[in-house]
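What follows is one structure encoded as structure tokens, with my remarks underneath.
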Amino acid sequence: MSRIWEIPGGVHPPENKQQSMTRSIGHLPLPATLVIPLHQHIGAPAKVAVTVGQTVLKGQKLTDASNLNNLPVHASSSGTVIAIDDKPVAHPSGLNALCVTIATDGKDQWIEHAGISDFRQCDPHNLLQMITEAGIAGMGGAGFPAAIKLSPSNDKPVDTFIINATECEPYITADDAAMQEKTQDLIQGIEIVGHILNNPSRVLVGIENNKPQAIVALRSHIKERSIEVVSFPTKYPSGGEKQLIYILTGREVPSGGLPSDLGMVCLNIGTLIAIKRAIIDGEPLISRITTVTGEACGVNRNYDVLIGTPISHLLAHNEFDERNCSRLIMGGPMMGFSLTSTEVPVVKTTNCILASSYSEIPSDLPAQACIRCGLCAEVCPASLLPQQLFWYAQAKDQERLEAHNLFDCIECGACSYVCPSNIPLVQHYRSSKGEIRKANIDKIDSDNARQRFEFRKLRLEQADEQRQVKREARRLATEQARATNSTVQSGSSAADIIAAAQQRAMTKQSTPEQQKAKFERALLAAQSRLEEAENRLTEATAHGTAEQQARCSASLESARQKVDQTQNRLKELSD
Amino acid sequence: MAFKQISSPHGHNPQNTGWIMQLVLLSTVPGFLALSYQFGWGSFINLIVAVVTSLTAETAILACRNRPIAFYLKDYSAVVTAVLLALALPPLVPWWVVVVGSLFSIVIAKQLYGGLGYNPFNPAMVGYVVLLISFPIEMTTWITPLSLLPDGVSHPGLWESMSIVFAGSAPVDGVTGATPLDIFKHSSGLVVDQIYQNEALFSQASFAGVGWEWVNVGFLIGGLILLKTGVFTWHGPLAMLGTLALMSILFWDGGSSESPGSPIMHLFSGASMMGAFFILTDPVSSAVSNRGRLIYGALIGLLVYVIRAWGNYPDAIAFAVLLANFAAPFIDNYTLPRTYGHTDRRKATEKQEEK
Ligand code: SF4
Ligand code: SF4
């Protein structure tokens, strides 16, 4: 039995997991339409590879993408593409995004596909390529491309492979169910990754002790192998990647760094099962296990859901009572975000749909004053001082916020959960982080501008000097000429000069059409810069230093702003 | 249908600020009972006067500041301030002393600084110190503990107490007397053993000082309850009591005539326990981190001892706490915890992390 380390802080919200575990993983009837967002991972979006009206088969690629930063998405069932447009998607910002909508034909017909039975004979590079081709992004949290996690480029060899089976959020049981019912797939997935990582010396499955059946299932299947199942006391947020690494190894991911800095790789259950399917069965990631739960649903259960299934379809088959629903949450109650519409689709990272009743999750109470009781600091898993962060967030004191390590906050919500004054702390931290990022970008922008300005000044000075030299030369030449020839040259009259200036001004002012064309060109350029910046960011996130990452995200942000600006101008122009 | 967009986390544990304050109030009960048993009705009357004054003052100020009154009164913070002040005052002080103290606490020390959460100083202690400086005679006249009353004399009943407090009638002879800390302050020249033999307050005590020991035990019990329920952590109280004990051991001086008294006497006299568990644990005006609270508590313990032993006042919790309140923001700047993923703790004032 491995030793375990205890993380500081943590809370014990009611688990509410039993209600969705009374039945096995279910399947839903095929939805009439599937709405598949093209951008479901961190990194650059891919280019659309289908057209409206085209028929597609199950598993067919919808986007052209084939490098690590560019994950493809696939049709989750066969049918016809009926739209490629912006639709509401599940994102905390509530923005729309480009989606491919497929009208299913009911045949659920697979595209031709094949896996490889003996992956051990395969070169890890090919396996990684297959994982990328299958569109596998981390299925627990942010949706980081799995292949990038599996190919850390820093020289540190991976010696520890951690499987995150913690599932510490209340209500969610998707991983628990998968571990019990798809144990074989999971273990094969672990073996494949072990092979890719060149058999790391430690393979640890970290699991909370509130999942005894899953623990038994795993232990009974992996007796002979070198995989160790480590269970530890249930406490939220043990499942945060950084927290889990500490629990299992006693080591901390450096601030701003990645697990790979410690020679570790951490994947979750859903991702591993998807990897198994991609390699052994040749199937891309087109479905996932999602918990549908909450008192506003008559049936609480796990489903194997096709990516792109509208939430409304899930709810309709689970006796959803809309009037009783206080909020609709994608994810768990601690970190999930609320959906404003039931029309958004299930995506690769959707591990839970929680439709809570009013008695279950009542409206938030109004916030009272912070009494500095320190309960928040007692529960913070990152050992921050949430009350001080709150204080400085209100004061907008960015220096103090950074000195208090705001950016090490994992937004787990433990502090808000216990705050007796009901202060929405996490919300304050999010907006402060946004403001600081923006300020950093502005700073980089102004630094760039200053550089440009100084460079220009230098250039002008040099030009001036040259002109001075020339003028001098001309003067000398004229004097000489005057000396030889006494006729006075007639200068251009004032009227001539004005006319010429007017002429110049006329040509400068272009027609609206010209302006529009100009902005369109600018937009295209800005968009391509944006794309480039995104690629660089993904690259930097995977392999770069924290500083590089910061710089890349800054330039990404400014590229994004540029695109927005140009779009707005263009819009103004056409209005 | 559209749902509301609400940020995470969704849901909350049942604890709220009003409930925490009520717990604090409940935990003062053992101390209050001990006070009332040992010294009569005075504390009860103090309590009523203070609570009524404080709530009235709080309501009036909230109304002036255009704040929702019921919403803020529900946090019970004004009641807590009133109760703590009332229990710190000598029983049977004239009513206007209590009123002035409560007004100072609520209006000046709390609301003028922005209300709950924004007051840099402990409101009850501000009120107390103002009273101590303005009305030294009233504030240092204590009642004789029950078992030391002369034969045939008893504590005044409720009506008599009220007439003493509200009408200014003089209490019967023998009802007022010195406190253990007073005795030590004023009996220079005697070695500790002599003091203990001469003074009934000590010679008849169970372990520290008649009456006072039980009052302190009462507040200790209340404090332990709060500790158990997690309302505060052990850091502040333990550091304060520990430092106080340590100092009295260091300067015990073999019980000579210079000795300021034994550790037991210091821990269980005056407002030691009340201060440790109910005053310096006021979260608003104290240091924030656990480490900060250790330093903050120790500083108070140190100041209490220094003032008791060598200062002009027999007790010093209020002064010590207010001085430490001054230091709290400074302490906070240098006692940040080490965050996950950092090799060292940072300072709140640094601009760039030192690597
Ligand atoms: S828990 Fe809430 S009230 Fe208490 S210190 Fe933290 S933010 Fe302030
Ligand atoms: S949300 Fe941030 S500050 Fe709050 S407990 Fe979690 S890590 Fe700590």
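In case you wondered, yes, glycine gets a Cβ from its N, Cα and C as well.
Pulled from TrEMBL, these are the features on record:
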{"type": "REGION", "residues": "A:1-20", "note": "region 'Disordered'"}
{"type": "DOMAIN", "residues": "A:359-390", "note": "domain '4Fe-4S ferredoxin-type'"}
{"type": "BINDING", "residues": "A:Cys370, A:Cys373, A:Cys376, A:Cys419", "note": "[4Fe-4S] cluster 1 binding site"}
{"type": "BINDING", "residues": "A:Cys380, A:Cys409, A:Cys412, A:Cys415", "note": "[4Fe-4S] cluster 2 binding site"}
{"type": "DOMAIN", "residues": "A:399-429", "note": "domain '4Fe-4S ferredoxin-type'"}
{"type": "REGION", "residues": "A:464-490", "note": "region 'Disordered'"}
{"type": "COMPBIAS", "residues": "A:464-477", "note": "compositional bias 'Basic and acidic residues'"}
{"type": "REGION", "residues": "A:532-575", "note": "region 'Disordered'"}
{"type": "COMPBIAS", "residues": "A:546-558", "note": "compositional bias 'Polar residues'"}
{"type": "COMPBIAS", "residues": "A:559-575", "note": "compositional bias 'Basic and acidic residues'"}
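Location within the structure of each feature annotated in TrEMBL.
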residue: A:Cys370; record: [4Fe-4S] cluster 1 binding site; contacts (Cβ under 8 Å, 6+ apart): A:Gln387, A:Phe390, A:Trp391, A:Cys419, A:Ser421, A:Ile423
residue: A:Cys373; record: [4Fe-4S] cluster 1 binding site; contacts (Cβ under 8 Å, 6+ apart): A:Gln387, A:Pro420
residue: A:Cys376; record: [4Fe-4S] cluster 1 binding site; contacts (Cβ under 8 Å, 6+ apart): A:Pro386, A:Gln387, A:Ala414, A:Cys415, A:Ser416, A:Val418, A:Cys419, A:Leu425
residue: A:Cys380; record: [4Fe-4S] cluster 2 binding site; contacts (Cβ under 8 Å, 6+ apart): A:Pro8, A:Gly9, A:Pro386, A:Ala414, A:Cys415
residue: A:Cys409; record: [4Fe-4S] cluster 2 binding site; contacts (Cβ under 8 Å, 6+ apart): A:Ala382, A:Leu384, A:Pro386, A:Leu389, A:Tyr429, A:Lys433
residue: A:Cys412; record: [4Fe-4S] cluster 2 binding site; contacts (Cβ under 8 Å, 6+ apart): A:Tyr236, A:Pro237, A:Gly240, A:Met334, A:Met335, A:Pro381
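Close to ligand 2, meaning a Cβ under 6 Å from one of its atoms, are these of the binding-site residues A:Cys370, A:Cys373, A:Cys380: A:Cys380. A Cβ within 8 Å of the Cβ centre of A:Cys380, A:Cys409, A:Cys412, A:Cys415, the residues given for [4Fe-4S] cluster 2, is found for these other residues of the same chain: A:Gly9, A:Cys376, A:Val379, A:Pro381, A:Ala382, A:Leu384, A:Pro386, A:Ile410, A:Glu411, A:Gly413, A:Ala414, A:Leu425, A:Val426, A:Tyr429.
For ligand 1, the binding-site residues lying close by, meaning a CB under 6 A from one of its atoms, are A:Cys419; the full candidate list was A:Cys380, A:Cys409, A:Cys412, A:Cys419. Excluding A:Cys370, A:Cys373, A:Cys376, A:Cys419 themselves, the residues of that chain whose CB lies within 8 A of the CB mean position for the [4Fe-4S] cluster 1 site are, in sequence, A:Ile371, A:Arg372, A:Gly374, A:Leu375, A:Pro386, A:Gln387, A:Phe390, A:Cys415, A:Val418, A:Pro420, A:Ser421, A:Ile423, A:Leu425. Checking the binding-site residues A:Cys370, A:Cys373, A:Cys380, A:Cys415 against chain B with a Cβ-Cβ cut-off under 8 Å leaves A:Cys370, A:Cys373, in sequence order. Secondary structure counts, DSSP: the compositional bias 'Basic and acidic residues' (A:559-575) has 16 helix, 0 strand, 1 coil.
Residue with the densest Cβ environment among the binding-site residues A:Cys415, A:Cys419: A:Cys415, by other Cβ atoms within 10 Å. A:Cys415 ([4Fe-4S] cluster 2 binding site) falls within a helical segment according to DSSP. Residue counts for the compositional bias 'Basic and acidic residues' (A:464-477) under DSSP (helix as H, G, I; strand as E, B; rest coil) come to 14 helix, 0 strand, 0 coil.
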